[in-house]
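Heads up: the structure comes next, in structure tokens.
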């Protein structure tokens, strides 16, 4: 059935006025309005005449507020205009979009105030292998535009802006407070943007209060682990679930000595009960030799020394003996993987190489296990590795390649030298073994001193425009200004060596590198460092670092906080505590999850949407929070650096006295 035919008409009205007198109709409109006005009753005309002055008065009263709003919108437009030449976008103060604070609790230590507003950096600032090897991208900051926020806030009931979830997850900020004064210098009287006469809240400077904030952060992280991942390797705080790597309760074991040092005895006792009743290494599971040594063996040995409880030494002996098949290779260079249930070991499926960091960063733990048990096989195995590496060809002025073959015992992939992933802790353990053994093993000291000279000669450069000293990489004679966050272990290691009598210029270099590592945080919009940066070296650059898209993640790493601890312990310069406090606040602001736990994030350049990864690495409790707590302590005897040496997972082991202990 068809619809009825539609007929359209056009109506045209012609004016009777003389077209020669055309005046755009203004006179006609004036006459028409006057006629309409005269047609109104006297009452209607009176009401209109009264309403008009009232409207004028209301407009005058509302003008200042409207003007301020228009001015704010105009300023915001200017700030967001990429053509204005700003290098860094300012962080929006106060609440973070996508962040919902927890309701206030009774008798909970005061959390730190929100981190300072990030500003463009001035010319000069203030003076596991799976988890540690990251893919690298190609596009740098100077080649791509900043990403737009994934979700924008609109209007919501009650006149408040809505709080946006990050990829379906709600991550809380520290508190939705106004920005606090910068911790880099003296306290200011008025915060930027505050009206005159308003007294800002003073920053937390009391070390005891800062330590209490770290303890509260640990309890919050522990709550997430206990509620959603108890007995498993890692917490996934966003999905309130867990992940397995070795299926050995990795986070729990890694955190044992942290709880003891922080004085969290209740949490420690419940973890100890799990170790006593649930922890078993009789499992058909492959573990990484390096990661299980530094996290599990190191954590158990450290906890034994701090508590004196033989339970932890028994467990350490068990896992240590199960790792020994890794050394059954033609070259005595250990395999990377061990099946602790079957007693077999092998290289990764894709290569017969191990990384140099893997095979040379297990010595502190196995040497200590031999000393405690008086079973020499543990120390003999790892000392043999160091002897082989000591005399190998392929080094470049003390710098070692990243890979070593388990069959031939020779370096592979020659010509590439870095202090980042795959080689970093080789240099750290050269010094720390020398310290652990009472400064008697001269070959270790010689290798360390030679390697540091090699770093200064081949890898040190300065950035533009600020002249920051950084450590790059060397690849077949070509220098790359790439620096991993992992390299930020180096300031602390250099300072430790200077403390134990090594050349004084090591401390001076440590302080310069410490500033660089801090700036890797301070120059990011979230105040958190990316995994990798590339330093600018050409004159005329607007800022010191570029960050490629694939490198913008933050894994809650400890290396910068670790070095801040060493620098403060040896210099007593409180700027290192202040820098650490600023970093701690930003962890609280951008990585804390309301239901418990902290999460790594994908984008440190985007405070609007840092994009959580849904993973809390075990080293956040084992290292990062431990070093924060020690950094904020003024007690040099709290894990004295004249009595203990930290392994690369922040587990303190004793410096050996002259008299060996009795067998346990």
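Heads up, the Cβ atoms here are built off N, Cα and C, so glycines get one too.
Cβ neighbour count for residue 291 (active site, proton donor) (all protein chains, 10 Å cutoff from its Cβ): 23. If you look up TrEMBL, you'll see 291 (among others) marked as active site, proton donor.
The annotation active site, proton donor is assigned in TrEMBL to 531 (among others).
Among the features that TrEMBL reports, compositional bias 'Polar residues' is placed at 174-183.
Residues annotated as disulfide bond in TrEMBL: 488-517. Long-range neighbours of residue 517 (disulfide bond) (same chain, six or more residues apart, CB within less than 8 Å of its CB): 485, 488, 491, 529, 559, 560, 563.
Residues or ranges marked as region 'Disordered' by TrEMBL: 97-208.
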Task: Euclidean distance between Cα atoms of residue 531 (active site, proton donor) and residue 291 (active site, proton donor), Å - done: 19
